[in-house]
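Structure record follows, encoded as structure tokens.
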Amino acid sequence: MSTLCAFPVPYSTIEVLNIVLPYRTYSARLLYLHAPLGNHLPFCHRSYNVLHLRQDCDSHMYSAGNDVRLSQEAVTMSDQRSHDTTADQSARDASSLDTRKIHGFPWFLLVISVLSSIFLYALDNTIVADIIPAIANDFSSINDLGWLSVGFVIGGVAVIMPLGKLYGILNTKWLYITSVVLFMAASAVCGAAPDMNAEIVGRVFAGAGGIGMYIGTMILLSINTSDQERPAYLSLVGLVWGIGTVLGPVIGGSFEKVDWRWAFYLNLVIGALLFPVWFFLLPSFHPAKHLSLNKRLSQFDFVGAILSIGAFVTTIMPINFGGTTYEWNSGTIIALFVVSGVLWIAFAVQQSLTLFTTPADRMFPVQFLKNKEAMLLFICAAAINSAVFVPIYFIPIYFQFSRGDGALDSAIRLLPLIFLLCATILVNGKLMSRFGYYMPWYLVGGVFCLIANVFLCELHPVAAVLVRYTDYKTALLDATTSQSYIYGFEALLGLGAGGSVQAGYAVIQTVVPATDLGYAVSFIMIAQIGGIALGLACASAVFINGATNSLRVLLPLLSDSELQSAISGTGGRFLETLDDNTRVQVIDAVVNNLAKAFIVAYAGAAVSLVASLGFSRKRVFLPTAAAA
């Protein structure tokens with residue numbers, strides 16, 4: 001009797017990656033790393049004067065009994081202020097350096113605490129990768145495993161725009177703390193869940209709370225730093241995110257051996273230690289404190305929120321369940337794509353025509369579509385994140401299948417990439433703000449990322465010629481590829497991506513009007529998470545479909561349910577039941593299909609490289625002396 005599970009298993013993109021338990025560590029990361037996004041961040045530091053102008057105007061109109069809105073007169077005054085003389089601009093820049101009220105050790109604690117929330121969210125994205133089989137065994141609910149990943153993604157993405165808009169009209173401190181509490185409460189639900197349904201609910205709310213923490217962190221760092229310091233501080237977010245992402249599976253694997261529930265309780269322990277800092281040291285920032293709650297909520301685009309939530313949900317579900325839980329041509333997947341298209345069209349019409357909202361209150365910054373620099377930054381952010389995060393996910397999977405690595409070993413294999421990525425992010429934050437140019441970072445980074453991903457991919461015949469292969473049917477990346485080759489390309493990839501993967505958050509704040517800064521950072525967040533989600537979805541689809549078809553040929557006696565159970569990692573130590581020859585063929589089939597996933601990565605790098613050629617050559621982040 002077969003030792004494999006024989007359940008009819010629906011799997012999301014993520015679960016169909018694990019062939020056996022020892023080879024599954026990073027597989028479930030394919031959908032668990034979804035960098036958070038937000039929308040409509042409150043006015044960042046450079047718009048501080050415009051914000052007060054807007055508040056003063058609103059206060060005057062409110063006291064006169066008029067409708068509290070930003071009038072055309074206020075917009076005109078704002079434009080005049082943004083075109084002041086160079087001397088006036090220099091004076092504002094000089095005064096802006098002292099806007100922060102927290103300095104010294106309290107400021108250090110504040111930065112560490114908000115960055116720690118990013119670390120927890122990144123950790124929660126990937127820590128679940130190693131505990132999926134344990135959860136399935138405890139709850140005896142293999143059929144619902146896909147929702148552990150999809151629910152987390154839906155919970156976060158669904159509130160992208162609505163939550164970001166709330167940050168623009170409510171007190172930043174308390175909305176951030178509310179997001180922290182929601183994330184912690186959801187972690188408690190996941191840890192104490194009595195069944196799979198409760199676990200899924202906890203994952204959904206954890207995704208929503210985590211994105212709220214990310215948006216709040218970006219806001220707090222932006223409004224409390226000057227133009228000169230902001231790139232350096234925002235680069236720390238990418239650094240912490242990368243560290244948390246890599247450590248997630250390692251920590252998850254450790255808890256699986258003890259009790260998987262502590263993978264969620266860990267958030268509560270760290271959160272309890274940091275909560276006093278969040279509560280007492282976080283500065284309050286209220287964009288419209290003089291307005292009543294009803295007046296503030298009247299600025300919220302409820303129709304846009306409903307449409308965006310529906311559009312995101314119906315887009316994520318078919319991408320994740322297509323080809324695994326359901327066939328791509330099934331009625332369910334087709335219906336979801338159709339509904340998604342209709343909702344996106346409705347959202348576009350509603351936003352462009354400002355139906356049931358106003359130009360100042362709508363969810364999406366439609367005006368950015370006419371800004372060349374903003375659109376190029378959006379494209380580059382989406383493309384470069386896809387180019388770097390696809391390898392971050394698939395390189396560990398490669399080592400698990402080809403070398404039999406576990407959680408710790410496969411994480412160590414990523415160190416060349418992560419170390420160079422984090423180091424370059426920090427260097428970029430310092431040097432870009434010092435010299436003022438951003439175009440070279442994107443251009444050189446695109447070249448490096450393209451070269452690295454091309455050599456990690458199966459290219460016929462280009463890659464074969466470059467490495468003097470004579471057999472064009474042999475991929476550069478196969479089960480016997482030298483580790484030194486891979487480490488070298490990892491380092492090159494990290495060196496290239498680090499210069500631009502996080503830079504867009506700071507750059508876009510210099511290329512849009514001050515009155516639009518509330519939209520600017522969230523605009524890049526949408527590109528970042530969209531690029532990661534789309535890139536991983538496409539790469540995993542290439543890998544999963546190819547690997548599944550190959551294994552069906554090699555293992556024709558296995559039923560679909562048994563094959564899916566083995567691939568997902570819930571079917572036991574499957575490879576150990578195979579003879580040596582079949583085991584080698586299975587590993588080769590998986591690795592060869594995995595190499596094809598890097599096509600998505602080098603395509604993203606190519607798009608980023610081409611888009612970077614259109615950037616302006618002007619200097620930004622000018623020092624006060626230079627501005628004068």
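We number each residue from 1, going along the chain as drawn.
Every residue, even glycine, has its Cβ placed from backbone N, Cα and C.
Residues or ranges marked as transmembrane segment by Swiss-Prot: 102-122, 150-170, 174-194, 204-224, 232-252, 302-322, 329-349, 407-427, 435-455, 488-508, 524-544, 595-615 (among others).
When Cβ-Cβ distances under 8 Å to the transmembrane segment (329-349) are tallied for each of 150-170, 302-322, 407-427, 435-455, 595-615, the top count falls to 302-322. Through the fold, the transmembrane segment (595-615) approaches residues 372-373, 376, 379-380, 382-388, 390-391, 394, 398, 438-439, 442-443, 445-447, 449-450, 452-454, 456-458, 475-478, 496, 500, 531, 535, 538-540, 542-543, 546 of its own chain, all at least 6 residues removed from its boundaries and within a Cβ separation under 8 Å. Among residues of the same chain six or more beyond the transmembrane segment (232-252), those with a C-beta under 8 A of the stretch's C-beta atoms are 25-26, 29, 32-33, 35, 111, 115-116, 118-131, 217-218, 221-222, 225, 260, 263, 266, 392, 396, 407-408, 410-411, 414, 418, 421-422, 425-426, 428-430, 433, 501-503, 505-506. Taking pairs at least six residues apart, the transmembrane segment (204-224) and the transmembrane segment (435-455) share fewer than three Cβ pairs below 8 Å and do not count as touching. Across 102-122, 150-170, 302-322, 407-427, 488-508, the stretch most heavily in contact with the transmembrane segment (435-455), judged by Cβ pairs under 8 Å, is 488-508. Sequence-distant neighbours of the transmembrane segment (302-322) (same chain, 6+ residues past either end, Cβ-Cβ under 8 Å): 10, 12-14, 31, 146, 149-150, 153-154, 157-162, 165, 328, 332-333, 336-337, 339-340, 343-344, 346-347, 350-351, 355-357, 362-364, 533, 537, 541.
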